[in-house]
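Participant: Can you read through this structure? Questions will come right after.
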Amino acid sequence: MPSGSDLSDTDTTLVVVTGVSGGGRSTVARALENVGYYVVDNLPQALMLDMAELAMKAGGAARRTAMVLDVRSRAFSTDLVGAIRELKERGFAPWVVFVDADDEVLIRRFESVRRSHPLQGEGRLADGIAVERGLLEGARDQADVIVDTSHLNVNQLRRRIEELFGAEDARRLRVTVVSFGFKYGVPPDADFVCDARFLPNPYWVPELREHTGQTEAVSSYVLGQEGAEAFVATYTDLINATTAGFEREGKRYLTVAVGCTGGKHRSVAIAEELAARLGRTVIAANTQHRDLGRE
C-alpha cells in the first residue's frame, strides 16, 4: 500500500499484545481467538504494518486481528514503539495490551513449571525478569490497557479479555470496577482509588461476617449506612464527568478500585452498586472482586 494511505475510515480492529514472560500472553491470545480475532503469535515487529494492511485488505474475520509479540532482541522496545507510531501514522488505531504481573508471582510461575526465563542466561531468574522489564519499559508506556494478572487464574484472565474485546465496538471506553483489600495492596493499574473503610464493617456483625458484599444482606447493610449513598453518587458523577475527556485523549480502559480492609464486604458491595449505576449511563462497566476468598 502506498505510503501515507489513510485507513481511518476502515472498520479493522487491531490489537497488539505484549508483556512480560510468564504474564499470560498465551492465555490472552486464546481468549481473543474465542471472541473472533485472527491471532498471529510471535510476530516480528518489522512485519506489523504489513500484517495490518493484509488484514484490512482481506476483510471478513481478518478485520479483527491481534498480533502477539515478545522480547526477541534488545532493540525490542524501540522497534515496537516505532512500529506502533507508524501504524497510527498510516491511519490504524491499534489497541495496545500489556500483560504484567508482580515479580514474585512471575518467579513462582516459572519455578512451578521448571522453566528458565528466556533472558536469564547464566544468571538468576530474577535477573532475567529485571532485564526484560527494562526492555519492555517503552512498550508499557504505549499501552492502552495494562492487564495485571498477579491475582488472576487462567479462567479469570480469559473472562477479563472476553469482557474487553467481545463486543463489536472495541473502541469504546470500558470501565472495570475492582474491589480489593488494602491489606493486600492497591491494584497497580487503578486510575481511581476509592476508600470505603469509613463505613461500618459488616465483619463485626456476627450474622454478616461469613457473607460477602455480593449478598443482599451485606449489600443492604453497607449501602444503608450514613454516607454510603453520597459516596457512590459522587464517584458515579466523577467518572461520568471524565469519560468524554478520556476518550478524546485516546484512553480505552478505565480501572476504578474500591477498597476496604480485606476486600470481602464493604468494597464488594460498593463496587457492585457503582458498576450498576455506571452501566445505566453510556459507560460499559463490569466488576472484578480481586480479593474474595483470600481471607
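Quick reminder: no glycine exception, Cβ is built from N, Cα and C everywhere.
Reproduced below are the annotations present in Swiss-Prot:
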BINDING   Gly19, Val20, Ser21, Gly22, Gly23, Gly24, Arg25, Ser26  ATP binding site
BINDING   Asp70, Val71, Arg72, Ser73  GTP binding site
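For each listed feature, how buried is it and what is near it?
Facilitator: DSSP classifies Ser21 (ATP binding site) as coil under the three-state reduction.
Asp70 (GTP binding site) counts 19 other C-beta atoms within 10 Å of its own C-beta, drawing on all protein chains shown. DSSP assigns Asp70 (GTP binding site) to coil in the three-state reduction, placing it in neither a helix nor a strand.
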Participant: Looking at the binding-site residues Gly19, Gly22, which one has the fewest other Cβ atoms within 10 Å of its own Cβ?
Facilitator: Gly22
Participant: Please report the number of other Cβ atoms within 10 Å of the Cβ of Ser26 (ATP binding site).
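Facilitator: For Ser26 (ATP binding site), the count of other Cβ atoms within 10 Å is 14.
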Participant: Other than Gly19, Val20, Ser21, Gly22, Gly23, Gly24, Arg25, Ser26, which residues of the same chain sit close to ATP? List them in sequence order, counting a residue when its Cβ is within 8 Å of the Cβ centroid of the site.
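Facilitator: Near the ATP site, the remaining chain residues are Asp70, Val99, Ala101, Thr149.
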Participant: Out of the binding-site residues listed (Gly22, Gly23, Gly24, Arg25, Ser26), which are within 10 Å of Val71 (GTP binding site), Cα to Cα?
Facilitator: none
Participant: Look up Ser26 (ATP binding site) in the DSSP assignment and reduce it to helix, strand or coil.
Facilitator: helix
Participant: Using a 10 Å radius around its CB, how many other CB atoms surround Arg25 (ATP binding site)?
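Facilitator: Result for Arg25 (ATP binding site): 23 other Cβ atoms within 10 Å.
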